[in-house]
Structure formats: C-alpha cells, structure tokens
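This report concerns only the one structure given below.
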Amino acid sequence: MTDMTPEATPRAAQSLFTRTDNVRRRYRRGSVLKYLGLGAIGLVLFFLCVLLWSILSRGIPAFFQYQAEIQLYYDPEILEADGTGPEALGELSLRSDLERGIFAQSLRRTLEDSGIDTAAFDDGDLSALIYAANRRDVRDELVADPDLVGQTVTVGVPISLNITRYLTGGLSGEGTSGMPPGFNREQLDLIDQMVAAGLVDRNFNWGFFTNEYSQSGEVAGIGPALMGSAYMMLVVLVFSLVFGVAASIYLEEFAPKNKFTDFIEINIANLAAVPSIVFGILGAAILLTLGDLGFGSSIRGTALLGGIVLSLMTLPTIVIATRSALKAVPPSIRDAALGVGASKLQTVFHHTLPLAMPGILTGTIIGIAQALGETAPLLLIGLSVSTGASILSSPFTGGLLEQAQSMPTVVYLFAQNQDLPVREGLAQAAIIVMLALLFALNIIAILLRRRFERRW
Amino acid sequence: MKDQRLTDREVDMQDIKISAHGVQVFYGDTHAIKDVDVEIADKTVTAFIGPSGCGKSTFLRCLNRMNDTIDAARVEGDIRIDGEDIYDARVDPVQLRAKVGMVFQKPNPFPKSIYDNVAYGPRIHGLAKTKGDLDNIVEQALRRAALWNEAKDRLDKPGTGLSGGQQQRLCIARAIATEPEVLLMDEPCSALDPIATGQVEELIDELRSNYSVVIVTHSMQQAARVSQKTAFFHLGNLVEYDETGKIFTNPQDPRTESYISGRIG
Ligand SMILES: Nc1ncnc2c1ncn2[C@@H]1O[C@H](COP(=O)(O)OP(=O)(O)OP(=O)(O)O)[C@@H](O)[C@H]1O
Ligand SMILES: [Mg+2]
C-alpha cells in the first residue's frame, strides 16, 4: 500500500477538464474508424444512386406510349384484290397489303382530314412512323371477322419507338446523332404537325404488363414472364419451404451428432456456394433423362421445371437460415417443454418452430428473392426462348405445365434486342417491375415477421 | 422440529419414492456424479446442498431423465421410482416427466401468455375435459404458486413480461399444474425476494402432504426451514445424507461440517 502512494500523486494533478494524451489518442483512433465507415457507406449510396438513376431514367419513360389516332379503313380494294373470304384474307401480304396499303393509306387519309399535307411522303415514309410492320394480329383479326372489310375503325396505333424517343426529347432531331436512325427531318416535322393537331396521345402502357414478348418494342410486354415467374416462385415456395424446413428440423432437433450429419452439414454449406449455372446444367440433365423416358419436350421450358431447378438452388439458403433460426431458440425453452412432459415432436411444433418462424420466413423470402432474379439456370432449360410467347395463347392462361417465360430471361431478351429503344427502355422498365416485386417480397417478409413476433 | 423428525422417520420406513444406487454421470470425460446411493422418501422434502459445480443439478436431472437431452451426458446405475427402473428401455421419458415435474434453476417461461404457460402441461396430458376445468386448474396452480393475485388480471399477457421472481413462480405453477408425484426444484428461490421465498416455502411445505419434493438450494437456512432430509454433495460425491436436523447440528463428515459452518458462520 505504501509504495502505491508516490505513483498516485502525479495522477492526481491531472485535471478532469483537460484530456490526457492517452484519451486523445484513443478518440483519434475511434474517429478514424468512424470516418472510414461513413466513407464506405457514402460510396455504397453513391453506386446505388447511379444504378437507380440509370434504371429509372430510362425505364420510367418506357411505361408510357405515344399512340396515333388513326381512322383505319379496311379498304376492300386492297383486301379483296384476290377474291373474298377468310382464305384469301389469310394470304394477305403483311408488307405490301397491310403495311403499305391499309396502314399507310389510312394514316394519309387521317392526316389529310386534319389539314396536314402529305404529298411529299411516299407510303413507306408514312408507315414507318407508326407500328405497321408485321401486323400479323390485324390479319388474324380480319380472318376471324371478314365483315370488317369495308369498315372504318378509329384505333390508336403505337408510334414507332425511334420516333417516340424523339417525342420524349431523347433525340434533338439535329445532326447525325440527334436523328432517329432511318428517318429524315421532314418525317420529324410531320410528327410535330401531328402532335400539334392533337392526333398523338400519350398513355400509360398497360399492354406492357399483359403483352407477350415480341421483337417489336411497340407491342412487347412482360405478361407471360410475370406469370411464369409467379408460378415458379410458387413452386419454389412449396418445394423449398417444405423440404428445407423439414430437413432443418430433422438435422437440428432429431439427428444424432455424428460424422454422417457433419458430412451432410458441410455439403449443404457447399451447395449454397455452387454457381447457379451448375444447377442449370443439372436441370438440363434432368430434361435429357426425361426426354429419354419419352416426355422430355413437354416439360422443357415449363414453369414446373424452372421452379424445381430454382428450388434446388434455394434449398440450401433456406436450410441454413432455418437451422440458425432454430439454433437461436434458447435451450431453456426446450427444457421447459420437455420438463412438463411434452414429447420431442410437441416441443418442436409448439415451441421451437413458432419461435424460429420469423427467422425462417426471412430466410425463405431472401431465398425466393434470389430465385426470382436468377437467370443463368433458366436460360439452360429453355425458359428464354421466344417461341414460348407464341405457344401461350394468352399471358394469363399459362399453367405449371405450359411453356413459360420468366422476368430475368425476358430482361435478357430485351437487353439483346436489335433496337436501341428496346435495349435502353423496355429492359429497364422490366427491371423496375422486377425490383418492385423484390421490394414487395421484402415488405411481406417484414410484415410477416412483425406478425409472428407479436404472437410470440 | 423434533416431533417432525419423528414422523418423518416413520414415513421413511414405510415409503421410499425414489431409490438410486450406484449412479454415475459422465459429461464426455468429466465424471460429474460418482457412485451416488440415495433413497428419497415419499411425502417429504429432501434438500440437496453443496458447493457450486458439485453435481446437484446433474443428479436432479437424472431423476426425470432430462440428461437424455444432453448428447454428451451418460448416466449409469440404477434409479427406481416406486420400484420401477426409470432407465428401463420400456420407460417413456415423456410419461416419466409427467410424473416427475421440474422447476429449473433459471426461470424459463414459454414466450406465451401466462394462462397458456400454466395450461400447457394439462393440455398435452389431457387433464381437462372442458374449458372450465382448464380455467380451474390454471387458477389453482397459480394460487398455490402464490402468483394468482398478481396475475389474475393479466392472464393473457406474456409470461416473459413478468419480473424474474414472478417468472419463477409461474414456472412453479406450470410444474404443479400437471399434478406430478415428484417435484424437482433446482434453486427455485434464487431469484425471489424474501416475501416470495416465504410463499414458495409455504407451498413446498403444503406440497409435502401429497408429493415428494426434491429441492436444490444454496441457502442453508432454507434447507433447514423446508426440508426433512438433506443430502450434501461435494465434487460429485454424496458425502452425507441424513435428517436435516442432524446434518445441521451434528454432521458426521468434516467436509459437511466445514461447508455448513463456512456458510452459516
Ligand atoms: N451440459 C454439460 N456439459 C458438460 N459438463 C457439464 C454440463 N452440465 C454440467 N456439467 C459439469 O458437471 C459438473 C456438475 O454440474 P452441475 O450443474 O450439476 O453443478 P451444480 O451443483 O448444480 O452447481 P450450481 O450450484 O452452480 O448450480 C460441473 O463440473 C459442470 O461443469
Ligand atoms: Mg445447478
């Protein structure tokens, strides 16, 4: 005690109002760490903003469509050149009869009626302004209803996407880079006149959510892809939740701790790290095997197959999340239940599982969100092929066993499109829909978690 | 004290509820219980005392096979309740635990309502035919655990929202709601204030008329107050087991002597 006193005396001289060097050094270290952390967060936010801006600025305009109000006159002179009846109508040339004939002439007539001079433009110049090419749908309509011939119908025909870019201000109309490819200044002036005459409407493009994928951006949509993804998520939910939770409960609560269960545990962790394309190859292998058995082509590209492959991918995520949620339940709760004479099964289902539910749900939704965005395996099992769209009669009839598309593969198709406005518009619009779905899923996860937590 | 001991001696001779012979418990390589022989009488309170880590909880957990849930634990020897070997292959631990209730060292209410906590045991064992029966059982259990007055207006509130001492009494209510024949209590009063402790001790005394109660405690006074028989454990050995009065006034073993005097004096 006595030799402590001389040490204590110089310390007592230190006032509490001034900081010692030691304290100052410690604070300095702390603030360095703090600013590093803030810097990292700032960087992340910056990249997030850049990403969101690039997607939103291109994607949001793509949700709106410019349409020209046209008095479409099904001119008998053109349509019945080779005789009447559905057969003859089915033989109509898409290019010369419909595009250059019906559409160009109807547009010309509509313009003349509004007092716009079109003498300087040939039929090709006119029909290029609107979505008139490859109107197989109009031909099919005529075949189905030959009475249309000779009638005049007011329809909104989508403006060509390149012109749309000019209308939205994406192109200036000046200089080589400011001109829509394939158009000249006179055509742009004509469009300006049409806008001035009130012949062009801007509407929200509901068709984007219901139409099928198409090469032509004017009518392309994500209907079947939305449905396909929804079906696949359903399959993933059922498969991976049921199997994942069952496997986790067994491993965590019932399995003996031995070499074999250790081995399984390591492999589940490994499975979670397997690149998704490998699961695609696995799916393709399943497909081949089924093909050898005689029903391969019927399952190719279906939501069921896609869902199964995605489930395999999601399973390890869910197993890992569920197991850690089960582990986090305090052992004293299990003791309490066993202590009053609950069986092991009752302990799990009455106490452990409900307490682990928030964690399980979070894991499941994260897994599903992951699966929703997964592209590579789906490309390998045929969910990207655009033939899927033509097989689907209507986007909302596709079932589990029909050819399907999925959101990520349709984004991939849009991004590969030859037209710039599709690559840099519709692709982003589809991504926005996907992100909205992901946010919705996350919100559901949070709400479910709240609900379960409140029920303890 | 004296005539109480006399009656106990009578009971002892008539009725042995639990008899344990040559009990050994290993946690992996740790030898936690070393060759313990003990006979626990029916309708008595038996106290287990001893320094921390000497194996009191471990031995207690052998009596309702809670050690089964610990993978590393291995129990050897012969433990009989009413003459039936509880480690026999035919014995279902679930049935055993309905008969041998337990209150744990740390309060561990279910994260459910107070009512559901108490009703859980009766529900899974099918003790109540109607809702009214169940309400009755819950009320009786809470009353006996001295929690009814505090809990009667908040039966649907979570049990985890109670104070530590109230939680422990809730756990006691939960354990006695299933009407066990033996009640094992691992330091039930370590989180309780003197008033609640008094109430629990009263309960223990009352339970004695129907059940055999085994209580682990670090409080010599408590052991002296509530128990008729006391067992002193030390480093996994059962050093001395005798009537409570004898252990506290005239211990035979020097280790008992020093433990008791160290704590009391
Ligand atoms: N689950 C376990 N795994 C391994 N060793 C254990 C386990 N539980 C207890 N032990 C060991 O067994 C011995 C006895 O422990 P026990 O819990 O029975 O002591 P105790 O007498 O109840 O002590 P306390 O009075 O502190 O509660 C201790 O040495 C302890 O470390
Ligand atoms: Mg203990």
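Numbers here mean position along the shown chain, with the first residue as 1.
Yeah, the Cβs are placed from backbone N, Cα and C, and that goes for glycine too.
Automated prediction, rather than curation, is the source of TrEMBL annotations.
Among the features that TrEMBL reports, transmembrane segment is placed at A:35-56, A:230-251, A:271-290, A:302-322, A:353-372, A:426-448. The domain 'ABC transmembrane type-1' feature in TrEMBL is assigned to A:226-445.
Tertiary proximity for the transmembrane segment (A:230-251) is limited to same-chain residues at least six positions away from its ends with a CB under 8 Å from its CB atoms, namely 261, 264-265, 303-304, 306-308, 310-311, 314-315, 318-319, 322-323, 326, 348, 353, 360, 364, 367-368, 371-372, 398-400, 404, 406. Between the transmembrane segment (A:426-448) and the transmembrane segment (A:35-56), the number of CB pairs under 8 angstroms, six or more residues apart, is three or more, so the stretches are in contact. Away from its own ends, the transmembrane segment (A:353-372) comes close to residues 229, 232-233, 236-237, 240-241, 244-245, 249, 310-311, 313-314, 317-318, 320-322, 324-326, 328-329, 333, 407-408, 434, 437-438, 441-442, 444-445, 448-449, 452-453, 455-456 of its chain (Cβ-Cβ under 8 Å, at least six residues beyond either end).
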